[in-house]
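Quick look at what TrEMBL annotates:
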- GLY165, ARG166, SER167, ILE231: NADP(+) binding site (BINDING)
- 5-119: domain 'Tetrahydrofolate dehydrogenase/cyclohydrolase catalytic' (DOMAIN)
- 138-281: domain 'Tetrahydrofolate dehydrogenase/cyclohydrolase NAD(P)-binding' (DOMAIN)
Amino acid sequence: MKTIWGNELAKEVKDSIRSEVDHIKANGRRLPVLAVVLVGDNPASQSYVRSKANACISVGMENRTITLDGDISQAELLATVRALNADDKVDGILVQLPLPKHLDADSVIMAIDPSKDVDGLHPLNAGNLLTGRPGFVPCTPKGIMYMLKSVGLEDLAGKRAVVCGRSNLVGKPVALLLQNQNATVTIAHSKTPDIESICSQADVLVVAMGRPKMVKASWVKAGAVVIDVGINRMENGKLCGDVDFDAVKDKVSAISPVPKGVGPMTVCMLLANTLEAYRNHERG
Ligand SMILES: Nc1nc2c(c(=O)[nH]1)N[C@@H](CN(C=O)c1ccc(C(=O)N[C@@H](CCC(=O)O)C(=O)O)cc1)CN2
């Protein structure tokens, strides 16, 4: 069994981004800028936003973190996004999710200029992915495809892929990306009957259900490649995925761990998307 270490792959991606940013700097050009909007004081979101800021610094990009009170109005949040849209120096905009319950995330995402939507969540970018056009691909799915490539899985013709989860952030876009690589894809979710037997037929299994250690050995096909997107905090304070790593590790050919699996890939793909937005803006 091979462990797919996202932290090591992320370092590889960041090294290549850093050398491009170094080159930009050496030519005296303006640097790529990522703006991250954090609403409220959710500790997990605060920590993810901090890692995004640190990741920007580590590759030489500029970061602007805009922290807003948890009781901000929808109109104030939309005004913040519109000001970032209008700011020529900002290449990428990301609104950290989830938002407090009184806010409508959909209309906030819709307000982001699609050319700055480095999260790939605006309907224009989602539609581009659906129809096979260029655009921003959401960071976690993009990272998952990089992880699969790292274990030799690029053309997935003849492979059966099962995605557990149907969110706009992970499940739906990763299913499209797998299909674009010729996999035969099934999307399963919390209301799918017999989900265990569907998962057990997968050559590639991507799990994003938010259910700690849900996937046991009987859920996986021998030799499958398993990507665990879940990040769950256990009572002892440690993190675990949606897959029971110890129970399945001897049955699969490769598996991503939690932590140090998909999470770090999400952050480095955000940097990759920001650099892409910067290049597009510079091209005009
Ligand atoms: N606007 C967005 N919001 C959210 C996204 C997103 O892609 N865009 N994804 C998640 C959270 N997320 C990034 O925002 C994220 C989650 C996890 C990690 C990570 O590196 N996790 C570490 C463990 C960290 C810990 O100790 O708690 C790991 O898995 O090794 C990075 C980013 C929801 N919101």
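Our numbering is plain: 1 for the first residue shown, then up by one each step along the chain.
Any Cβ shown, glycine's included, is placed from N, Cα and C.
Keep in mind the model is a prediction, meaning the values are calculated, not measured.
Taking DSSP states H, G and I as helix and E and B as strand, the domain 'Tetrahydrofolate dehydrogenase/cyclohydrolase NAD(P)-binding' (138-281) has 54 helix, 26 strand, 64 coil. Neighbour density around each Cβ, counted as other Cβ atoms within 10 Å, peaks among the binding-site residues GLY165, ARG166, SER167, ILE231 at GLY165. Mean predicted confidence for the domain 'Tetrahydrofolate dehydrogenase/cyclohydrolase catalytic' (5-119): the pLDDT average there is 98. Our reading of the NADP(+) binding annotation (GLY165, ARG166, SER167, ILE231) yields a largest Cα to Cα distance of 16 angstrom. For the domain 'Tetrahydrofolate dehydrogenase/cyclohydrolase catalytic' (5-119), DSSP puts the residue distribution at 61 helix, 19 strand, 35 coil.
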